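The signal peptide annotation in Swiss-Prot covers 1-24 and is backed by a curator's inference. Among the features that Swiss-Prot reports, disulfide bond is placed at Cys26-Cys41, Cys33-Cys46, Cys40-Cys61, with the record citing experimental evidence. Swiss-Prot lists Lys66 with the feature lysine amide, giving a curator's inference as the kind of evidence.
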Amino acid sequence: MASKIFFVLAVFLVMSAVLPESFAGCKKLNSYCTRQHRECCHGLVCRRPDYGIGRGILWKCTRARKG
């Protein structure tokens, strides 16, 4: 019985570490995204960072610019 509970808990922890955005329903600030604006949370847009490691390859949810 204890081994089943441990297994379920381990699977949940792995899934929550691998797919944190899927549990939240939308992707939060600085989460990786796939160029679709609607997958990021309200007020965020998906764009390529122009700095840092992997720039131009990995897209992230960032704050929408005002103006």
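The chain as shown is numbered from 1 upward.
For all residues, glycine too, the Cβ spot is worked out from N, Cα and C.
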Point to revise | Nearest of the disulfide-bonded residues (Cys26, Cys40, Cys61) to Cys46 (disulfide bond) - Cα to Cα | key: Cys61
Point to revise | Sparsest Cβ surroundings (other CB atoms within 10 Å) among the disulfide-bonded residues Cys40, Cys41, Cys46, Cys61 | key: Cys41
Practice item. Around the Cβ of Cys26 (disulfide bond), how many other Cβ atoms lie within 10 Å? Please give the count over every shown protein chain. Key: 15
Point to revise | All-chain count of other Cβ atoms within 10 Å of Cys33 (disulfide bond) | key: 21
Check your understanding: Quick one: what's DSSP say for Cys61 (disulfide bond), helix, strand or coil?
Key -> strand
Exercise for review: Name the one residue among Cys33, Cys40, Cys61 whose Cα is closest in three-dimensional space to that of Cys26 (disulfide bond); these are the disulfide-bonded residues.
Suggested key: Cys40
Review point. Can you tell me the three-state DSSP label for Cys33 (disulfide bond)?
Key: strand
